[in-house]
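The following features are taken from TrEMBL:
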TRANSMEM  A:12-29  transmembrane segment
TRANSMEM  A:49-67  transmembrane segment
TRANSMEM  A:74-91  transmembrane segment
TRANSMEM  A:97-116  transmembrane segment
TRANSMEM  A:123-140  transmembrane segment
TRANSMEM  A:160-180  transmembrane segment
TRANSMEM  A:213-234  transmembrane segment
TRANSMEM  A:246-263  transmembrane segment
TRANSMEM  A:270-289  transmembrane segment
TRANSMEM  A:295-316  transmembrane segment
Amino acid sequence: MKEWRYWVAEQRGTLLACGIFLLMFAIYTSNHPAGFTANVVETAANKGVLLAFVAMAQTLVVITAGIDLSVGMIFVLTNCVASALVVGTPMQTALGILAVLVVGVLCGALNGAIVIYGRLQPIVATIATGAVFFGIALLIRPFPGGSVNEDLADTLTGKIFGVVPASLVLLLVIVLLVWVPFRRSVLGRGAYAAGSAEAAAYMSGVPIRRAKFAAYMLSGLLAAFGGLFLTFFTYTGEAAYASGNAYTLFSIAAVVIGGVSLYGGRGSAIGAIFGALAFRTIGDLLFVFDLGALWQPLFQGVILLVAVSLGAFGLFRIRNRLEWFL
Amino acid sequence: MSDMASHGRAGYLPGFLRRADPAVLTAFACIVVLLFLGSLYSRNFLSPEYLLQQLKVASFLGVIATGMMLVVLLGQIDLSVPWTITAGAMMACAAAAYGPVGTALAMPFGILCGVLIGLVNGIGVAYLRIPSMIITLATNAVVQGLMVVYTGGSSPQDTATPAMRYVATGSILPGVPNAVIVWALVGIAMVFLLTRTGFGRTIYGIGNRERAAYLSGINTRRVVLIAFAMCGGLAAFGGVLLAGYASKAAQSMGDAYLLPSIAAVVLGGTSILGGRGSYLGTVAGVILITLLQSILSVMQMPEAGRQIIYGIVIVAMLLLYGRTPASR
Amino acid sequence: MDDAVPLLRMEGISKRYGGVKALEKADLSVNAGSIHAILGENGAGKSTLIKILSGVVGPDEGRILLDGREVTFASPAAANQAGIVCVFQELSLVPELSVADNIVISDPPQRFGMIDHKAQRRIAEEALARAGAADIHPRALVKDLPLSRRQIVEIAKALARKPRILILDEATSALTAADVAKVFDVCKRLRSEGLALLYISHRMNEIRELADECTVFRNGHNVASYRAGTRSDDEVIEMMIGRQYSHVFPAKPDSGSASKSAPVLEARSLSWAGRLHDISLTLHPGEVVGLGGLDGQGQRELLLAFFGVLRGLGGQVLIDGKTVSIDSPAAARAAGIGMALIPEDRKTEGLMLPMTVRENLSFASLDRITKAGIVDRDQEQELIDDMVRLLAIKTAGLDIPVGALSGGNQQKVVIAKWLMRQPRIILLNDPTRGIDVGTKQEIYQLLRKLADTGAAILFYSTDYDELIGCCDRVLVLYDGAVRRELVGAEITEHALIASALNIEAEGQSAMQEVNA
Amino acid sequence: DPEIVSGPAAQADCFVPWSADTQFFKYPKKEGPYRIALANGYIANTWRIQMVQTAKAYAAQPDVAAKLKEFKVVSTGEDVPAQISAINNFIDSGYDAIVTDAQNPTAFGAVIKRAKKAGVVLVAFDNTLDTKDAINVNVDQKGLGTLWGDWLVKYLPEGGKVLEVRGVAGTSVDTDRHAGVQEALKASGKDFKITEVMGKWDDGVAQKAAADVIATNGPFDGITAQGGDTGVVQAMIDAKHPFVPFAGETENGFRKFCHEYAEQGLKCTSAGSGPAQVAVAIKVAIAALEGETVPQELKLPLAVASYPDLKEGQDYFPSESNNFFVGNSFPTCGINFSAQEIMGQSKEDQ
Ligand SMILES: Nc1ncnc2c1ncn2[C@@H]1O[C@H](COP(=O)(O)OP(=O)(O)OP(=O)(O)O)[C@@H](O)[C@H]1O
Ligand SMILES: Nc1ncnc2c1ncn2[C@@H]1O[C@H](COP(=O)(O)OP(=O)(O)OP(=O)(O)O)[C@@H](O)[C@H]1O
Ligand SMILES: O[C@@H]1[C@@H](O)[C@H](O)OC[C@H]1O
Ligand SMILES: [Mg+2]
Ligand SMILES: [Mg+2]
């Protein structure tokens, strides 16, 4: 095999997700009454980036062969915290942002501690911590409200030079500052190894607990970036139970569309970002196709079903039935 | 050590006792502790009326969790439970609009709809090898779409039939709600299925290692398909009961059952990775969750506190007995 | 040398797993610059000993002295630090990572706190070359490699860690002669570099060739240590199994007597996915037919093809002279066909480890022991009793997890679960891998007994001795095709190796005759 | 930008300002026909489905249809950002007015700015927006709570134990209604002991919560519930709880019960916000585009029906589903849909 083939094989999931997204986005913008304009892209980007953060957060945990059903609640909780703290002078705002991120990291650390050191199954552990996070969010914000530094918010949700959505730039920066270093670090590799074959990794002397713990903490951090950005986008905080759960489920869908294996050890946060953008575009398609209002949820459901079934096409190429069970 | 053929008879304990692990016992102990704590707040928590009422409410979750347990034993999960419940309820009520025949067939029809949803899940998981977490998420969205279209598109009949009401709220044995009897029957059937039938063995086998089960000549895909269909049917049955209980079907009725049904199964000691768990544990888990929710609700705890305590109690109980073994 | 402090001493090591004493007051002493073989039956405690040595599990009692100083290892990483590196019996590679990632996994080269891919690649290439596997691409994913290649990667990974003590726990069990030879070269080179090697294997010839010192384990305790070459094989085996040991292989019937009956299984021009080419063969009741050749030449695929696992098969399969299409193991085991497959990897393909011995034994026969879907427990018990007796399965009970049995007994459970169906055609995929000599012998005898009662057996083995000792005929595969058929006295080590390597030799003309 | 003018509004019977200090808007007159969009959020409950159906029916009425070039509906689910983005998209696509049932009252600041800049009329109803820059149409949620509280005070002159079944925690609708109930009971000066549970506007949840609390804290002298009322009554029946005065919403099932058990003590007031308020919202949007004066906050009358005046065929429909909100007309605005008409209409429609 040529070198580039190995690269393509490694990136297959990501490339596929990227392809799906580009196709869907092309369909969307070419049918949009306003067309492919900076405003339309900005709107789509803002909405997509939010989910992209949560999906990245989910990815980190999924890579370790875990799942985080509390990720949406961390997102909601940090949104509520941000709506209380990220205001005032630039200094206060900066400290507020720091506090929000710390809250996210702490939530992730709590999950990690319970799963890794408490040895509980991630699914149930995070169902439970999700309830706790939501409860705290509700304490902070019994009703929707609060505020945020609007100048900063407008900058980050607006356009740079009137063209490039600032949200995409922000996302890129976070990817470069958080994901890439993690991916290329020993701990990052450890997280993959633990997700792929924990016992083997342990026997090989990989620091799997530390690696998984780091993954959970960074997951909390990324979810907090999501919560922060939600606050910039909405100017407020809200302890919304339904949307917390919705983001959790969306993030799982995004991660899968993004080529991240739910069995752990395979996939990348970049893929999950494209998965998130593609998932969001499913919703946007409602806007350009003239569907009866009552048919819209069904339409979204069917597209989602098709998108997640795409991976199944590979199945027909399988010629050894034992490969079903990998 | 010599050949141990003679040991055979010792294995003749009833299945549920043989499998009764410390987790199940601890779960039941937790129930007692919860009741005790509740009784400190109000003596009424120990009254027979309250306990029967709890059992009745628990039986809806119980029926739903039964199906969930089946797929969890396979190492899978069913996230389509919320709208499967709703679809079961709505379709049962819808059938009642079609004269006496419709009324008579309402319950089976509702359950059948759940089975169909389960079949779609099962095909996705077993034949298309899509991770269950994701295919069931998608079918949930599709069923939601169908129900929204149904509710808005044709004048819906959403009143439960008298039979549904009777099954959910009547009592054929004095003092014992029918719903509890229904759950008991479902539970007995499930215990029998899991411990005495070949199908039950293959469920555990597949949950442990599907590859080995397949190479043993088991049609594992069919078993997975059937398990999902049963899970769908049981969720829909839960919906039918709920509709009977509330005497009507409503869109959001399934939302409150997804996470509790998973939590109940796991609190009962069933491994979320599949292959290990007993029905008795699920019973304990269901009662635990139901009691916990009820006690927090009645204690006038504000929602925020209720969520926090709910989460902490679940983690605490799991730390008590739900930990995976240490690797060293 | 004897009065010098040994590089490693283990003293009074004990370890229990629940009620099982895996080790009891075991001692071991290893010198630098030597290869030390550990021998013993399945379940003798060999793996447990080295797991303790390499920090995977902690001992209940006893101490480890390295250079005369007492050490304790809290983790494999700690043992690595001290220069102890182990190639485990259960592979410790991470399938989703690349070969290079795996080779450097315990201590990747770093620059600015991040993994240095260039350096990692260099290390990997070097280690692969030292292990004699320069053909493996460092970027290939481990999960895409066949088992034999993985074992080589595992060895390369161990070498990259620059060990002082290198432990190979059945590291060659899935390797063919050619690969084994390469590994031996490596071992010998390392010895000359002053390393200590601990070598565990059930293959006597390997130990004969390689070892300087030997320690024999039985029932969790070291029963003897001796310099290599000072004991005969039979003596060693008797130490291991603690009883008299004679003929390994049962006598074969007159060659050709079986092939006079009508074939039960026949393949005509089977081909599949570019991995099997135009394979034709016949299998008669009462025959043991071997599949030979280098590992990975299509033998496994051929067995899977018969067993209904492969899709898109070309050619025909005939049972009792009638064409059949078998599309699943369920169809293969059905009445009228009656096939059984003892799979390659008992842990993932043969058994459900956490389930009980009972459940595993009857798992393939559930259809036979259920009436209206309900398990008939009395009938189940009877069948299980028969099988436990027939195969002399050693277990502390039928209701303990099968995973608690030793490897050899696990393998017996796999075989028993299929014999319970009384199959007419038995396909075996390297069934004695990692099995001690005593158990192997029992299996050979069993196979012959089954053949004598009319079963047809198709037997793939990576061990040439086995093919020679057991088989009436051997089909040697090369690149997915039958290269040569050896019958009766033609089955010699020389012929097997020559045709496996596809060497132009005197075999060539004979082969053409066969094909004609 | 709308000009801020003084009242009264055009069509003053319908466009009732919220309070004395409510501002009035006059938008620059635009030529019709108009492109109007409805940006709904959540869709999967009967109230919302009824609302969407009413919107479609209203837009299809000949006199309304004549003024519309396009009427588009999008439901984005419970996710606030998705709804915000939908509105942004409508603005960017040049719609003249956007009507919305907002998932969150405070999150739409940036959208409101953007709509204002683009000269788009933004009307929120039901779940309205905390803003002075868009038009809000709603019933008085707190007033609804007050109405319920007053009803209980009237029937329990000596005070007593009251069960309050609340809605979804954290929503303004729930908080406002709750505050209304509490204040009314407190204002009575009588001794009321209130037990609260969360019913989530859902019959099943409300029924379960009510059954629990009846078993542990019952019996009660009076009950108030927002949403899920049918389930609460069902829980009383199942627990053989005596029938007591009940203040609740407008579900048909609830009203059927109220009728059936009135003589046994289930004396009800049934009041709430009809889904038809969407039609009022559209009506205001058109008026604004036509350059008429409209109030910034518009108060709709509550649809109330109380013991002993519940009329069959008008206030409740025995042969119809339990599951729709009966109060669905605003006669002062000329909006007179019956719920059955709405829920049945689309059969021919599709
Ligand atoms: N994790 C475990 N749990 C329970 N029993 C165990 C465990 N590991 C090993 N044993 C038991 O300890 C004994 C020694 O096992 P060990 O694996 O050391 O044997 P071995 O000599 O390596 O055998 P083999 O040649 O089959 O690999 C066996 O009886 C085995 O069943
Ligand atoms: N094993 C390798 N051999 C040679 N070059 C490699 C190897 N792995 C990665 N590279 C090169 O290193 C650069 C980064 O690769 P890539 O983005 O795949 O790394 P990554 O995904 O961050 O980490 P990993 O290599 O652990 O997968 C690319 O130029 C790639 O071609
Ligand atoms: O106003 C509420 C509406 O927003 C919700 O959708 O259903 C219940 C109503 O009370
Ligand atoms: Mg890579
Ligand atoms: Mg071993």
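Cβ atoms here come from the backbone N, Cα and C positions, even for glycine.
TrEMBL annotations: computationally assigned, not manually curated.
In summary, the transmembrane segment (A:123-140) does not lie against the transmembrane segment (A:213-234): fewer than three C-beta pairs, each 6 or more positions apart in sequence, are under 8 Å.
Here the listed stretches are A:12-29, A:74-91, A:97-116, A:213-234, A:295-316, and the one with the most C-beta pairs under 8 angstroms to the transmembrane segment (A:270-289) is A:12-29.
Ranked by the number of CB pairs under 8 Å to the transmembrane segment (A:97-116), the listed stretches A:49-67, A:160-180, A:213-234 are led by A:213-234. Counting Cβ pairs under 8 Å that are 6 or more residues apart, the transmembrane segment (A:160-180) and the transmembrane segment (A:246-263) reach fewer than 3 and are not in contact. Same-chain neighbours of the transmembrane segment (A:295-316): 16, 20, 253, 256-257, 278-279, 282-283, 285-286, 289, 324, counting only residues six or more beyond its ends whose CB sits under 8 Å from a CB of the stretch.
The list of residues near the transmembrane segment (A:213-234) in space but at least 6 beyond its ends in sequence, with Cβ under 8 angstroms from a Cβ of it, reads 46, 49-51, 53-54, 56-58, 60-61, 63-64, 66, 68, 71, 74-83, 86, 97, 100-101, 103-109, 111-113, 115-116, 146, 148, 152-153, 156-157, 167, 170, 174, 178, 182, 187-188, 191, 247. Relative to the transmembrane segment (A:12-29), the listed stretch A:246-263 leads the set A:49-67, A:74-91, A:246-263 in CB pairs under 8 A. Residues 12-14, 16-17, 20, 51-52, 54-55, 57-59, 62-63, 65, 67-73, 75-76, 130, 195, 226, 270-276, 278-279, 304, 307-308, 310-311 of the same chain sit 6 or more residues outside the transmembrane segment (A:246-263) yet have a Cβ under 8 Å from a Cβ within it.
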